[in-house]
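These come from TrEMBL:
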TRANSMEM  24-41  transmembrane segment
TRANSMEM  62-81  transmembrane segment
TRANSMEM  93-110  transmembrane segment
C-alpha cells in the first residue's frame, strides 16, 4: 500500500503561536515537492487556519533540510554504533556532522530576529495578529483598510482619520487604530504623502502607552 497525500513541513518564524509553514505533496511522508506556503494563526491535527503566501524559500529549505539531515544522521549513527567508531571513523564524523546540522535546522534556523519580534509585537498590539506586515497580501490589506476605516468611523463619527492623525491624538486605542489605518493605507497606496502619514503614526505609536487590542483582523 502506498501512502501519499499532502502535509505541512518547514515550520519557521514561530512566535506567539503564529508561524509560516509549507504544504508538500508526500509519499510515505517523504516531502517531494511544495505546493503552497501559509501564514498560520491557528492549528489542529492536519488542519491550519490562516492565509496562503507565495512559496516561502526559507520554509522550503527548512523542510527539506530537516527531513533529509535527520534520515542521513540516523543512518550513519546507527551504522557507527553497529560497527564501531574506530572501524568507520569518516562515516562516524559525517553522521555526527549531520546530527549537528539537523539540530541547527530544527532548533535555530528560521527563528525570528529581535527586530522582527518588535515589529510583530506592534502588529499584535494593534490587530491581535503577531505577523509581519509583508506577510499580508495586497487583497487582504485592501479589505482590512476598508474594515478598519469602518471601525474608525463608528468609533469616531464625523472624523477623518488622516486629519486626526495629522493633528495628533492622546487616546492609546485611537492611536493604535490610526497606526493600523496608516499601515494598510501605505501598503495599498504607496505614495510619499501616505509614507509620511505612516511614519507619523509609527512615531505616535512608539510614544503611546500600550494596551491590548480591541479589534482583531478578520481573515
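Placed from the backbone N, Cα and C atoms, the Cβ positions cover glycine too.
Beyond its flanks by at least six residues, the transmembrane segment (93-110) meets 10-13, 58-59, 62, 65-66, 69-70, 72-73, 75-77, 79-80 of its own chain at Cβ-Cβ distances under 8 Å. When Cβ-Cβ distances below 8 Å are used as the criterion, the transmembrane segment (24-41) is approached by residues 2-10, 17-18, 48-56, 59-60, 63-64, 67, 129, 131, 135, 219 of the same chain, each at least six residues removed from its ends.
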